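Below is one structure, written out as structure tokens, with a few remarks after it.
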Amino acid sequence: MGARNSVLRGKKADELEKVRLRPNGKKRYRLKHVVWAANELDRFGLAESLLESKEGCQKILKVLEPLVPTGSENLKSLFNTVCVIWCLHAEEKVKDTEEAKKLAQRHLVAETGTAEKMPNISRPTAPPSGKGGNFPVQQAGGNYIHVPLSPRTLNAWVKLVEEKKFGAEVVPGFQALSEGCTPYDINQMLNCVGDHQAAMQIIREIINEEAADWDAQHPIPGPLPAGQLRDPRGSDIAGTTSTVDEQIQWMYRQPNPVPVGNIYRRWIQIGLQKCVRMYNPTNILDVKQGPKESFQSYVDRFYKSLRAEQTDPAVKNWMTQTLLIQNANPDCKLVLKGLGMNPTLEEMLTACQGVGGPSQKARLMAEALKEALTPAPIPFAAAQQRRAIRCWNCGKEGHSAKQCRAPRRQGCWKCGKSGHIMANCPERQAGFLDGPTGKAAPQLPRGPSSSGADTNSTPNRSSSGPVGEIYAAREKAERAEGETIQGGDGGLTAPRAGRDAPQRGDRGLATPQFSLWKRPVVTAFIEDQPVEVLLDTGADDSIVAGIELGDNYTPKIVGGIGGFINTKEYKNVEIKVLNKRVRATIMTGDTPINIFGRNILATLGMSLNLPVAKLDPIKVTLKPGKDGPRLKQWPLTKEKIEALKEICEKMEREGQLEEAPPTNPYNTPTFAIKKKDKNKWRMLIDFRELNRVTQDFTEIQLGIPHPAGLAKKKRITVLDVGDAYFSIPLHEDFRQYTAFTLPSVNNAEPEKRYVYKVLPQGWKGSPAIFQFMMRQILEPFRKANPDVILIQYMDDILIASDRTGLEHDKVVLQLKELLNGLGFSTPDEKFQKDPPFQWMGYELWPTKWKLQKIQLPQKEIWTVNDIQKLVGVLNWAAQIYPGIKTKHLCKLIRGKMTLTEEVQWTELAEAELEENKIILSQEQEGSYYQEEEELEATVIKSQDNQWAYKIHQGERVLKVGKYAKIKNTHTNGVRLLAQVVQKIGKEALVIWGRVPKFHLPVERDTWEQWWDNYWQVTWVPEWDFVSTPPLVRLTFNLVGDPIPGTETFYTDGSCNRQSKEGKAGYVTDRGRDRVRVLEQTSNQQAELEAFAMALADSGPKVNIIVDSQYVMGIVAGQPTESENRIVNQIIEDMIKKEAVYVAWVPAHKGIGGNQEVDHLVSQGIRQVLFLEKIEPAQEEHEKYHSNIKELTHKFGIPQLVARQIVNTCAQCQQKGEAIHGQVNAEIGVWQMDCTHLEGKIIIVAVHVASGFIEAEVIPQESGRQTALFLLKLASRWPITHLHTDNGPNFTSQEVKMVAWWIGIEQSFGVPYNPQSQGVVEAMNHHLKNQISRIREQANTIETIVLMAVHCMNFKRRGGIGDMTPAERLINMITTEQEIQFLQRKNSNFKKFQVYYREGRDQLWKGPGELLWKGDGAVIVKVGADIKVVPRRKAKIIRDYGGRQELDSSSHLEGAREDGEVA
């Protein structure tokens, strides 16, 4: 334990173990408590060595005692432990911790002579006089003295942190409590926070960063005069290298005070603000009012998040005035906008007080359902026959029964019978009309009707009188609506059920389906009482109003749309709806709308389903021989699991997913990410493995449509196909491969698995299948409307026509109905009828098109990824903004750079970006295509080989573009012009289906001169030549034939690859020569230098002969510019020549001047080091027939030469070069077999792991001879396992006896099955091949077998480690011995345990198992993890067994786990 062993020695250690943790307790102190205390001191900046003496312990106690009243349990335990150690050093005998505490405190008070310096909890925060204020630094007698912080202040700070959990209130609380504090006091406050070590670490990092910045901004001045106070460093301000007196002097010295306290406070505030943001991650921009959330709750959340924002008050004021209203829900936003500009918070709260409450929700629901419950339109004549209200008591019009002054009639107002009143009427149905009852029933008289019929008729009889005509008219109008209820058993339709549905016959179906374009309101009969009800899949229960079901009910309070409702719950009630009779539970109460919830809908067999397209799914299979993905689901956070569960349940309800059966073995990982608005989650599935094994698909649509290719039309409409992929069914046989799993937190429940029923997002087949389906769906529409332009790319559809507004809308409606009828949705929020139309990144108008707003990013620091995005935006803008350039921007990110690497801007790139910004500031517009006009393309050459072009019809520009791609380092304008024309031609064919007429800046003669030699450029469309300056010209004159009478130069260059030294020179036919020495060059550069020398030393006309294809290719291309310095010099020299003839000859072929110059420049440069090794390698191969790798390794010749030696050997070309690779096995495993050659028996043994063989000829295939060979083999090599076939010689008693004696495990295979002993079978074959190669070198078969074994063991290299079999076997045996030695050595480590610290965490962890102890580090196994820990952070302790494990301070006796204080 290092220094900690010296804390207590001998007798003191024995005395420690006698002291009890608590009075009369059983547990006593142990050495581990001292170890723990020494570790804890590091947290307070105190040295461990202080524990070794009485005085050191006193210093520790002086530091800790002010913190004890407000400190954590760890701090109190540390204080108590130090008190006990102090008593042991003072030779004071104590029995327990409490006695040691009292004794230590009394001694300290007596030694100082006053109790002033011992902090007391009852001490006031401020002096009684009040003059000094609540400042730790106060003035007394003209001097500044330091008053430690009171426990009350520290306690307030600790409670603030614990209660607010680093909420927004912590920062102002710290500012108030630390006013006037020194760094010493602030450190005391930070040390009081026992928990929240993550936050403390963040604050420490901020302190270190700020201290480093302070040191950088305030360098150390020169030497100071004696006695002068030094300037504070960053560590001084942090209080780690300065005393309290120094801090006070810096704060109050004259002149030039340094407020170290305030500076340190500011650093801490920065750290606290970072902690607040970490503990309160909600951004103020993300605080939005929910659709059902009250405004007051939203305001509370808004201001809580606003307090956490560390920004200027003016910005907070702006946030309050704008964001508070902007992020409110639509209902509150409507109210708030009516309050005018800058309303007060009180006005906003008052105005929105009722918004979102139960009463408003009930009112909104009633208004929304008013239309659904309003009777259908009735004929005008019937509508005129409205009757005045009539009293049920006296039969007169003009008043109701409640207002009637006449004596009350006897009998029931409901059925007309006497003996009971209406409230107790046993009849379920009023008998005087076939119409609604309850609150909606018309108030009709009980007396006779005007037609003389009895109003108290049964429901089966037709109504008469005016009221009967009204209901008859309404029923007729309902039938005229044509609404249908679709049957699930055949798609049949039936008229919507009316109020007399039971009397119309059984027209209902077993499983009704409702289209939800309108609210599904039907008539139900509850105990034969008709009621209009809404089928509500979102409601759990069913509630109706206006009916009586008797007294057999249970009172119940339920939460409804109008708040809490008192209801009566009836069970087992008979309900007839849609011609089906069921019994269910129903409630009656005062509800704004009658609803049937899921309890009844489930009984009826109904569910809410999303219609999937009625299309035959396309059969999809996996690639041949492939199986579906079987990847495990990785762990997810609880938040993501809940989001995925919600998404999957919704998709399952909508019919897009179904639960996977337990027999499905496939799985693909799933995860979730936040959408752009950061409020909703998006489910993603990693289909990479499924995409890899799925069959390939053809990309049907290779690009996106361009607006310049659209014909000009009067009317345009844009619509979107919602949930496009989720509307196309996936083939049923393929669904099993899309299975995925939703994990559960802590494995609390079995994981739920799903498969896709529709096309999944992220699967490679979805785009192709969707596009194919959409083409099939839209093809009939296109044929039926040939005058309509229909552009479809994925889920975006554009319809354009010259029809009238009504006809255009009609055709759009037809398309929507076509898509809706097949199960596709066309969301209204993405339906665009009026310009401008947002389409595919463009902005469309009837007569023009533009790009959507382009905003270039503004950044201080640019990374490679930022530049890539910037160039992408500029390239997108270049299709309509002429003059956009990106050449110098692209140069910024040349080479191998990571995406996050910072980019250094050049002046040219900055100028290019500024020029592009100016271009983008001027808005540009494009025109639409008119087929009758000619299509033209004009090409313009700008500076730096950047080309611009525009495609136009007359003066109307359809689109523009740029070209700056240079495929070669050295190029010329004509070649680039051909590439530009090629690009424009392909682009025009794709967009318009025709090639434009070109206007090019080149003369016909120039083009044809270049074209004659360079006709290989892939494809160039025909054009008319129109010369527009600046013209492209060829800069120098290359002739095709040698120039007679002119000096001829033979050039060559050479370079040494190791030293990078080279020579360049030439020889002429007139005897001249010149050689130049080069440094740090290459062969190509040397060849170019030689060519440049020939040009410089020649006349106006010259013939030059080169042997470099590289130089010939550059010069023949007639470049006009290059990035190479030498090539630019060559271009300048060739421009000055009248004529140049350049030819190429092959090198090293003995051609005249070329051979001479080759010798001239090769002296001392070119070295062929391996030539003398080729002949010995050939001799080696002729003797042993070594393989390529052995020759390369032994003789150091190139692999190409070694391969040539082997290929020229007739014996080695029978089967070609063997495929290397060994099957790894245990070191003691051998295989043995017998083979026959030339009538002799050869026994062969092979070491499986290395391929090493032993073989010899035996006289007979017997057990005795085999046993002798095995004994000989075991005496040479370690063998633990022998595998043979089950031949009689291997299964004999002799072999078994030898195997038993040596300790060999024997196993058998099948004699004629090569797989059972494949290694030795293959080696038999190789041995015979080797024997055939060297058979002529020996007479007897015995000799040649041993020679062949030597060749195979020592002359063939390859396989594992690129070694020979002999080298490999010896290496394996050596490695095995080393491993055994290390294992024996490391077995002693198991007796020790290791406690360790990680990173900056000061807490000790462990114990771990010691695996290895090195000089600088130890290797520790903790659970399943293996860690490497530096020796200085590890403590190795012998494991005595049976002791309590110590992994952190919380396991100390007397710590918080026992709830007791040491």
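Cβ coordinates are placed from backbone N, Cα and C, and glycine is handled just like the others.
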16-22, 590-596, 646-652, 765-771 - the range that Swiss-Prot marks as motif 'Nuclear export signal': 16-22
Same-site Mg(2+) 1 binder from ASP720, ASP733, ASP866, given that Swiss-Prot records ASP795, ASP796: ASP720
ASP1285, GLU1321 bind Mg(2+) 3 per Swiss-Prot; candidate in ASP1233, ASP1362 listed for that same site: ASP1233
Record-annotated Mg(2+) 2 site (Swiss-Prot): member among GLU1087, GLU1089, GLU1138, GLU1175 besides ASP1052, ASP1107, ASP1158: GLU1087
Neighbour-count leader, CB within 10 A, binding-site residues: ASP795, ASP1158: ASP1158
Nearest-integer angstrom distance between the alpha carbons (Cα) of ASP1107 (Mg(2+) 2 binding site) and HIS1185 (Zn(2+) binding site): 38
Between ASP795 (Mg(2+) 1 binding site) and CYS1209 (Zn(2+) binding site): CA-CA distance (Å): 66
ASP796 (Mg(2+) 1 binding site): secondary structure state under DSSP, collapsed to three categories: strand
Largest tally of Cβ atoms lying within 10 Å of a Cβ, found at which of the binding-site residues CYS1209, CYS1212: CYS1212
Where ASP1233 (Mg(2+) 3 binding site) sits in the secondary structure, as DSSP reduces it to three classes: strand
Stretch-averaged pLDDT - the zinc finger (410-427): 67
Cβ neighbours of GLU1321 (Mg(2+) 3 binding site) where a neighbour is any other Cβ within 10 Å: 20
Fewest Cβ neighbours within 10 Å, where candidates are the recorded positions ASP536, ASP1107: ASP536
Cα distance (Å, whole number) from ASP720 (Mg(2+) 1 binding site) to ASP536 (active site, for protease activity): 28
Cα-nearest neighbour of HIS1185 (Zn(2+) binding site) within the listed binding-site residues, ASP1052, GLU1087, ASP1233: ASP1233
Fewest other C-beta atoms within 10 angstroms, as judged across ASP796, ASP1052, GLU1087, ASP1233, which are the binding-site residues: ASP796
